[in-house]
Amino acid sequence: MKPPILIIIMATIMTGTMIVMLSSHWLLIWIGFEMNMLAIIPILMKKYNPRAMEASTKYFLTQATASMLLMMGVTINLLYSGQWVISKISNPIASIMMTTALTMKLGLSPFHFWVPEVTQGVTLMSGMILLTWQKIAPMSILYQISPSINTNLLMLMALTSVLVGGWGGLNQTQLRKIMAYSSIAHMGWMAAIITYNPTMMILNLTLYILMTLSTFMLFMLNSSTTTLSLSHMWNKFPLITSMILILMLSLGGLPPLSGFIPKWMIIQELTKNNMIIIPTLMAITALLNLYFYLRLTYSTALTMFPSTNNMKMKWQFEYTKKATLLPPLIITSTMLLPLTPMLSVLD
């Protein structure tokens, strides 16, 4: 793709998201979603092959269905309230339809099936945009309509998303699919807290984006797409590979890494709201995520996959691509736990 075209497409994606975030009128929000969706299709099809075409088609159909459902909910709400304003959701059916549409855009269970398939079919760069930037717009709308959301519906979706995110990643060898299932689980944690403490959801989303960005950038740095290629990279770039493994453990929520903060605070907040069973179940199912990350770490760092004799550990540094953003991203993705007492302002 030529640089001027890429710049225009990326600017359109950013503009679409900004329109969604800054609007309080449902029609403008819908336009922002459509701009965002149509602009990311060429990014997903950047590497032109049947897998990328299939992934783009699946993404387009899912997002178009979600947009249609959202507009239907907005129309029903308009008939009852007579207003396009986002804060006036007076009809419960309209609220359920809007919530369903936004969760479909985010990839929450039971609308999660497109996320692993689309992520696996595109390049690492496209997958990174899909699992980070594309989550911001729907989450910002959920944040704004959180007082009107049906809590029971969202809690059910959250619990099943955490379960699906852990269960689906267990037998995966493709790193992009592992990241996709991790994304589903993280979206579940955010959905669980959004009706009780929306500000905490923003903290969770920020940390999730930081950790996912860092992990994908390291994947791109050493061109790893499978667990086997990651284990071979252990011989070639031990430092980069060990950073990937630490980031994955952080994504799994292992203390004392940054990924533990949102899980800890969400469980604490739900318990304060007299909910015991749901946070307990979520904590238990989150162990599935942690298990497949630990298994990946063990198989990569502590066991040696079959390889040829010329793939022994290289101790000298090779020339690698410069990545100025990576060090601060890695530090914030792994070492923020000591700052947790400062987050008491969220209560």
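Placed from the backbone N, Cα and C atoms, the Cβ positions cover glycine too.
Listed in Swiss-Prot:
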{"type": "TRANSMEM", "residues": "3-23", "note": "transmembrane segment"}
{"type": "TRANSMEM", "residues": "25-45", "note": "transmembrane segment"}
{"type": "TRANSMEM", "residues": "66-86", "note": "transmembrane segment"}
{"type": "TRANSMEM", "residues": "93-115", "note": "transmembrane segment"}
{"type": "TRANSMEM", "residues": "149-169", "note": "transmembrane segment"}
{"type": "TRANSMEM", "residues": "178-198", "note": "transmembrane segment"}
{"type": "TRANSMEM", "residues": "201-221", "note": "transmembrane segment"}
{"type": "TRANSMEM", "residues": "237-257", "note": "transmembrane segment"}
{"type": "TRANSMEM", "residues": "274-294", "note": "transmembrane segment"}
{"type": "TRANSMEM", "residues": "325-345", "note": "transmembrane segment"}
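With pairs at least 6 apart in sequence, the transmembrane segment (149-169) and the transmembrane segment (325-345) have fewer than 3 Cβ pairs within the 8 Å limit; the two do not touch. Within its own chain, the transmembrane segment (274-294) has Cβ neighbours under 8 Å at 155, 158-159, 162-163, 165-167, 169-170, 172, 178, 181-182, 185, 188-189, 192, 248-249, 251-254, 263, 266-267, counting only residues six or more beyond its boundaries. Packing against the transmembrane segment (149-169) from elsewhere in the chain are residues 92, 95-96, 99, 103, 108-110, 112, 116, 142, 177-178, 181-192, 194-195, 278, 281-282, 285-289, 291-292: each is 6 or more residues past its ends and has a CB under 8 Å from a CB in it.
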